[in-house]
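Features reported for this protein in TrEMBL:
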type	residues	note
REGION	20-64	region 'Disordered'
COMPBIAS	32-45	compositional bias 'Basic and acidic residues'
DOMAIN	101-289	domain 'DH'
DOMAIN	318-417	domain 'PH'
DOMAIN	457-517	domain 'FYVE-type'
DOMAIN	545-642	domain 'PH'
Amino acid sequence: MKEASEEKLVSVSNLVTVLENSRTPEAAPRGHRLEDTHHHPECRPPKSPGPWEKLNVGEAMGSEPRTVSRRYLNSLKNKLSSGAWRKSCQPVTLSGSGMQEPEKIVQELLETEQAYVARLHLLDQVFFQELLRAARRSKAFPEDVVRVIFSNISSIYQFHSQFFLPELQRRLDDWTANPRIGDVIQKLAPFLKMYSEYVKNFERAAELLATWTEKSPLFQEVLTRIQSSEASGSLTLQHHMLEPVQRIPRYELLLKEYIQKLPAQAPDQADAQKALDMIFSAAQHSNAAITEMERLQDLWEVYQRLGLEDDIVDPSNTLLREGPVFKISFRRNDPMERYLFLFNNMLLYCVPRVIQVGAQFQVRTRIDVAGMKVRELMDAEFPHSFLVSGKQRSLELHARSQEEMISWMQAFQAAIDQIEKRNETFKAAAQGPEGDTQEQELQSEELGLRAPQWVRDKMVTMCMRCQEPFNALTRRRHHCRACGYVVCARCSDYRAELKYNDNRPNRVCLHCYTFLTGNGNALPEAKEDKRRGILEKGSSATPDQSLMCSFLQLIGDKWGKSGPRGWCVIPRDDPLVLYVYAAPQDMRAHTSIPLLGYQVTAGPQGDPRVFQLQQSGQLYTFKAETEELKGRWVKAMERAASGCSPSWPNDGDLSD
């Protein structure tokens with residue numbers, strides 16, 4: 001017993017040494033050492049090139065991208081994880097007098113291992129060696145292609161033929177004295193993880209096999225000759241290459257049955273169960289390799305659609321979500337369709353190419369997830385819209401439905417949360433839809449550090465700094481690159497370096513210039529001393545700043561040049577006054593109406609959406625977009641006209 005134990009330990013030690021030596025990059029070339037094995041039987045065949053060795057197969061595979069089928073990967077996954085696969089591998093009951101059930105199962109394990117080693121011999125010593133010799137003699141197809149097709153099959157063959165099979169044979173021969181198998185499999189099972197490299201390479205191997213069978217007559221001739229031989233059993237090389245993938249589930253199945261047949265107090269019970277867990281881990285390791293290969297394949301397809309730009313291609317990225325959305329323009333009225341690729345570390349904002357030769361999309365903006373914030377926008381004109389605010393740029397996006405908007409926001413928030421967990425110095429990210437959703441301006445400490453949300457042109461009719469009205473000739477609209485306000489040329493005639501734009505000088509308004517440069521002398525004294533007018537009250541465009549706000553159609557000559565529609569607001573800090581603005585973001589109202597004492601009446605017959613304010617000959621007529629909106633406005637105005645305070649009970653949220 002002691003000698004057998006020492007012999008077993010020596011064999012395992014030899015296995016570790018051989019496998020470690022076969023991973024040495026400086027080892028002799030694989031082809032040369034394989035030839036040597038024919039003259040020196042004692043020499044073990046080395047491991048095939050691992051992932052650390054560069055294989056020049058680019059020219060062999062061709063420069064044009066090939067469409068890769070998912071059939072092999074899906075098939076392999078099913079074989080490794082589904083119950084249906086295991087049902088197809090039910091063991092054959094052995095008949096034999098004098099053998100207990102556990103010993104019969106070990107006998108079956110040994111016999112199937114012998115058959116499996118014979119199949120590995122066919123793959124490594126026949127198929128692989130014959131193709132390699134043909135490639136060397138004729139140069140009709142590259143040797144590197146042959147090596148890639150067979151991956152690390154030599155290591156797998158070496159492991160099973162020189163270590164695993166002899167260990168099983170010795171244990172069965174000594175079964176009467178030592179009836180256990182769990183300890184043997186425990187010591188050898190960790191090496192089964194080498195199968196993950198073979199499985200990971202399987203689809204590429206199948207692709208190369210199909211390509212060169214069609215491309216090279218000599219390649220096809222060698223395969224046909226071997227496949228028609230008695231040793232191959234008239235089966236194809238593809239069939240034989242599936243054998244290593246099927247072997248690990250077979251071990252798992254036989255070990256399960258072995259444990260079931262063991263007596264409750266059998267000495268091998270604990271070791272066998274532990275061995276089963278290790279076999280299961282090896283199967284999972286192969287399955288994880290398939291999953292990783294699928295991820296890389298998906299990533300490569302995305303990079304091809306984006307044109308394989310150097311600053312984007314990174315195998316460590318993970319694609320979280322992609323799809324079309326609408327971009328709300330700050331100049332145009334209609335949203336523009338765009339396409340987003342959200343990775344774990346960046347967002348790519350893209351536009352489809354008109355001529356889709358090669359790349360399908362052009363990357364307009366790359367926004368880092370680190371420092372990103374996302375929140376829902378309360379926009380009556382564009383429902384289901386949300387803001388993505390990053391250091392490089394802020395995007396107002398519009399989804400087709402509420403569900404699509406929520407799905408996008410959850411994907412963004414998941415990416416942000418993941419970055420937070422990895423980066424200890426990262427500050428708190430956006431609080432989500434329930435958090436600080438009404439933050440309209442950058443905090444002063446963030447000014448210049450991240451791209452602002454630009455105020456849309458149509459949301460203002462006057463400069464947001466000096467309150468002078470815009471016109472098409474003498475006072476045109478400009479955007480401050482620091483705060484995003486719409487300002488006139490005079491108020492934005494300054495330049496300051498912004499960190500989010502690589503410290504390049506950008507056009508900024510006077511207020512931001514003073515803050516960013518610390519140059520207080522730039523502020524004109526006359527502006528600072530000017531008293532604030534009664535109409536110079538910024539529009540309260542959000543529910544937390546107003547009791548009621550929405551667009552109303554303004555009817556009649558009473559409104560003069562203000563236009564057919566106005567943004568009407570009853571502020572929370574001035575609840576008895578109605579302010580009418582030309583646009584939601586205007587800093588000054590063109591009309592204010594003290595509501596105290598006014599009567600709210602229905603409008604002329606024929607349109608239930610019209611209502612009027614009337615007092616001492618003053619008459620203002622409004623028209624809401626819906627009857628429901630009209631009802632809320634009438635209720636709010638009646639309360640203000642009667643002098644009700646917003647702090648009274650039963651005051652609900654009336655804002656739109």
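Cβ atoms here come from the backbone N, Cα and C positions, even for glycine.
Taking the domain 'FYVE-type' (457-517) as a whole, pLDDT averages 84 in the prediction.
Mapped onto DSSP helix, strand and coil, the domain 'PH' (545-642) counts 21 helix, 42 strand, 35 coil.
Across the domain 'FYVE-type' (457-517), DSSP assigns 14 helix, 16 strand, 31 coil.
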